[in-house]
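Enquirer: Quick one: the structure is below, questions incoming.
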Amino acid sequence: MHDNTYLPDHFLHHIAAIMPAHLSMDEFVASCRRPLRRSIRVNTLKISVSDFVMQMQPLGWQFDAVPWCETGFWLTRADESVPLGNTAEHLSGLFYIQEASSMLPVTALFASDQVKRDGMLLDAAAAPGSKTTQIAALMNNQGMLVANEYSSSRLKVLSANIQRCGVTNVGMTHFDAKVFGQWLPETFDAILLDAPCSGEGTVRKDEDALRNWSIESIDEIAAVQQGLLESAFHALKPGGVLVYSTCTLSQQENQAVCQSLLEKFGDALTLDSLADLFPNAEQACTPEGYLHVWPQIFDSEGFFVARLRKHHSVPNTMFKPGKLGKFPFSPLPAKEAEPMLREIEANFGVVPPGQLFGRNDEIWLFPHLFGQVQGKLRFDRIGIKLAETFKKGYRLTHEWALAYGDKATQGVVELDSANAREFMMGRDVWPEQEAGTGEMIVRYQGHTLGMGKWVGSRVKNALPRELVRDNNLFGA
């Protein structure tokens with residue numbers, strides 16, 4: 001019980017006025033004071049749900065399915081001596097620690113049969129990356145996903161989570177999301193706008209979330225949200241799907257923002273009902289078809305989700321192409337790219353799909369659809385850094401290993417638990433298998449830990465220093 005959760009009276013009076021008649025304020029307050037259930041989402045870019053559950057159940061992990069996400073589970077662990085975020089499985093990207101309610105927007109987006117999984121998608125407010133990586137998994141790394149984040153302080157964690165989860169089809173940008181309607185009109189097949197909000201639904205994980213709450217601040221945020229939603233609408237192709245979501249409860253930031261867009265653009269868009277999104281979704285569905293998740297309904301965070309469809313174009317007074325600097329990458333000539341890809345296939349049995357671009361001494365793998373937005377948008381990061389070049393060749397990167405190491409059929413060293421512990425502590429290891437030559441992918445239980453290099457019978461550790469852990473990551 002979080003007895004110190006700050007729930008000011010003026011907030012509770014505000015909530016009481018909008019609480020549906022069939023729900024109880026007493027249950028709402030009690031829910032807000034209860035700790036959140038721990039929840040995770042299995043990363044199917046790395047492992048199937050069934051294989052993950054089978055692998056972790058012997059370690060005392062118990063799974064309770066999240067009804068609106070096939071890959072989501074509430075989790076209890078018999079042994080919590082290793083923090084969940086420091087487990088080897090988490091560092092290898094097999095799962096993402098994600099609040100259950102926050103899995104809803106992406107589920108709503110892909111429940112639409114109109115979403116092209118190999119198309120051009122936008123996550124307009126992406127950090128820390130839970131929904132970006134969820135979208136990429138449902139796209140199976142196909143197409144291209146633009147992941148935008150306005151806050152510069154959150155870009156690093158977004159990038160780290162994208163790399164950890166083996167996501168290869170993302171281009172990261174750093175803009176106020178209002179630019180997408182101006183610079184890229186009718187470009188995206190589907191858009192998620194998980195908008196910045198007052199965070200009223202997050203008190204179960206942040207007892208001070210409402211410390212600065214006021215009606216005035218809600219009205220200010222709602223004005224920002226309306227601008228972001230209108231821009232997203234203009235950036236969406238006719239026939240496309242737009243999901244708007246928040247982790248807040250006030251109607252000013254939710255229904256009213258969507259209603260403003262619906263009224264402004266008339267028959268150019270419609271609202272989908274989400275009453276059938278998952279079993280018992282109707283318990284949280286409004287008469288209009290929005291999902292308004294109160295924390296006491298599903299024992300989760302508070303959340304709001306709306307799904308809109310764009311039917312035809314409208315005049316776009318926002319359009320104003322952005323000013324871009326010189327693009328720092330050049331396509332890698334075929335005489336360089338083809339031998340490199342052949343060598344990677346010969347050494348590891350896997351061919352990374354995409355386009356190779358070079359910058360200084362780096363070789364990057366860009367998504368196939370990158371050409372659709374090249375020259376229209378400035379990116380902080382595109383695809384994955386495949387390798388670093390030297391006078392006598394190249395060295396594959398850790399993120400290449402995380403993205404493709406599980407698919408490799410050769411050039412692999414499988415470690416036992418003792419050697420895996422040593423490897424994750426940044427130490428060289430002496431595996432039992434016969435020594436080879438050159439670089440190899442280092443795995444444990446079939447999943448990639450990183451890269452290494454044979455030096456005699458020793459595997460020289462190439463784990464990035466920031467990922468080295470000085471404790472046991474494998475539990476009892």
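Note that Cβ sites are derived from N, Cα and C of the backbone, with glycine treated the same way.
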Enquirer: For the S-adenosyl-L-methionine site, Swiss-Prot lists ALA125, ALA126, ALA127, PRO128, GLY129, SER130, LYS131, GLU149, ASP176; sort out which one of ASP194, ASP206, ASP208 goes with them.
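Expert: Within the candidate list, Swiss-Prot flags ASP194.
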Enquirer: Would you count the other C-beta atoms found within 10 angstroms of the C-beta of GLY129 (S-adenosyl-L-methionine binding site) for me?
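Expert: I count 27 other Cβ atoms within 10 Å of it.
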Enquirer: Quick one: largest C-alpha distance among ALA125, ALA126, ALA127, PRO128, GLY129, SER130, LYS131, GLU149, ASP176, ASP194, binding S-adenosyl-L-methionine per the record, in angstrom?
Expert: 20
Enquirer: DSSP secondary structure for LYS131 (S-adenosyl-L-methionine binding site), reduced to helix/strand/coil, please.
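Expert: Assignment for LYS131 (S-adenosyl-L-methionine binding site) reads helix.
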Enquirer: What's the CA-CA gap between ALA125 (S-adenosyl-L-methionine binding site) and CYS247 (active site, nucleophile) in angstrom, rounded?
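Expert: Rounded to a whole number, the Cα-Cα distance is 13 Å.
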